[in-house]
Amino acid sequence: MTALSTTRSALSSSAKIFSYELSDVLRNNGVLAYAVFFALAAEGFFRFSGSSESVLLGLMNVVLFLVPLVCAIFGTMYLYNAREFTELMLSQPVRRSSLFFGLYTGLAVPLAASFVIGVALPFVLRGAVAGNGVELALLLGIGVILTFVFVGLAALVSTYVQDKVRGLAVSVIGWLFFAVIYDGLVLVIASTYTAYPLEKPMIGLTMLNPIDLGRVLLMLQFDISALMGYTGAIFEQFFGSAWGMALSFSALALWVVIPLAIALRGFQKKDF
């Protein structure tokens, strides 16, 4: 009974902190601008390309590039600026795990909701959901997952790096690594070892980058893997299967869970 009461108390504390953080983040003009940007981008693609499939393809590149960047920068800055609130809450009878998850969800949920509303609204207003519902749902799903991944990485950075400027630099470099540098390293490996069978290593390397994993899943859904040649055929054979899809989303889930677990461990031991 005592354990049950403790669990209920922890959940209640997390819910209250989440509610406060949610209202605080939603008051930030940056979150509104985030939604407006995606709405304008989608509307712009509709005006210039016409077909909803072309719009989704255009948005795919924007989402894979901007969602991780915005979540990494905004999340890192917000968590550093919330230090005083964190110290205040730690002086109260609140469990650190409850505070941590309240801060995390209170930041990630409004960013994810802002992204979904911004992207989906033009499709709804133009009645373009029915024809490409699956593709739109996958794009939104990948964007939401990347939001939770990179807010989690921002929490990890803000927990272990004390200085705000250094923490922001680490977050930007981390995004740059996953968005640009990693693909260059993979390309170097592929060109260096062309004489060796690299199908399985390439799949494994894709799993180690959440942005690449989201890109491959979206490209397969949009049926443009043929543009990738032999590599695209290998990816389609693996990621296109039910087992491959399950493994891919499991890998994305791990990208959410593992950084959060490491950040939580550091948060519980940190001397604020």
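Here, residue 1 is simply the first one shown, and the rest follow in order.
Heads up, the Cβ atoms here are built off N, Cα and C, so glycines get one too.
Feature annotation from TrEMBL assigns transmembrane segment to 31-48 (among others). Long-range contacts of the transmembrane segment (31-48) within its own chain (CB-CB distance under 8 A, at least 6 residues past either end) are made by residues 25, 54-55, 58-59, 62, 66, 70, 74, 110-111, 114-115, 117-119, 121-123, 126, 128.
Annotation comment: TrEMBL describes 55-80 (among others) as transmembrane segment.
The transmembrane segment annotation in TrEMBL covers 100-125 (among others).
For 137-161 (among others), the entry in TrEMBL reads transmembrane segment.
A Cβ distance under 8 Å defines the sequence-distant neighbours of the transmembrane segment (173-196), meaning residues of its chain 6+ beyond its ends; these are 64-65, 68-69, 72-73, 150, 153, 157, 202, 205, 209-212. Residues annotated as transmembrane segment in TrEMBL: 173-196 (among others).
Sequence annotations record features per position, and here TrEMBL assigns transmembrane segment to 216-235 (among others).
Feature annotation from TrEMBL assigns transmembrane segment to 241-264 (among others).
Below 8 angstroms of C-beta separation, residues 13-22, 24-26, 31-32, 34-39, 42-43, 46, 52, 55, 59, 63, 67, 70-71, 74-75, 78-79, 82, 86, 132, 136, 139-140, 143-144, 147-148, 151-152, 155, 260, 263-264, 267-268 of the same chain, each at least six residues beyond the ends of the transmembrane segment (100-125), sit close to that stretch. Long-range contacts of the transmembrane segment (137-161) within the same chain: residues 56, 59-60, 63-64, 67-68, 71-72, 74-76, 79-80, 100, 103-104, 107-108, 111-112, 115-116, 119-120, 167, 170-171, 174-175, 210-211, 214, 217-218, 221, 252, 255-256, 259-260, 262-263, 266-267, 270, each at least 6 residues beyond the stretch ends and with a Cβ under 8 Å from a Cβ of the stretch.
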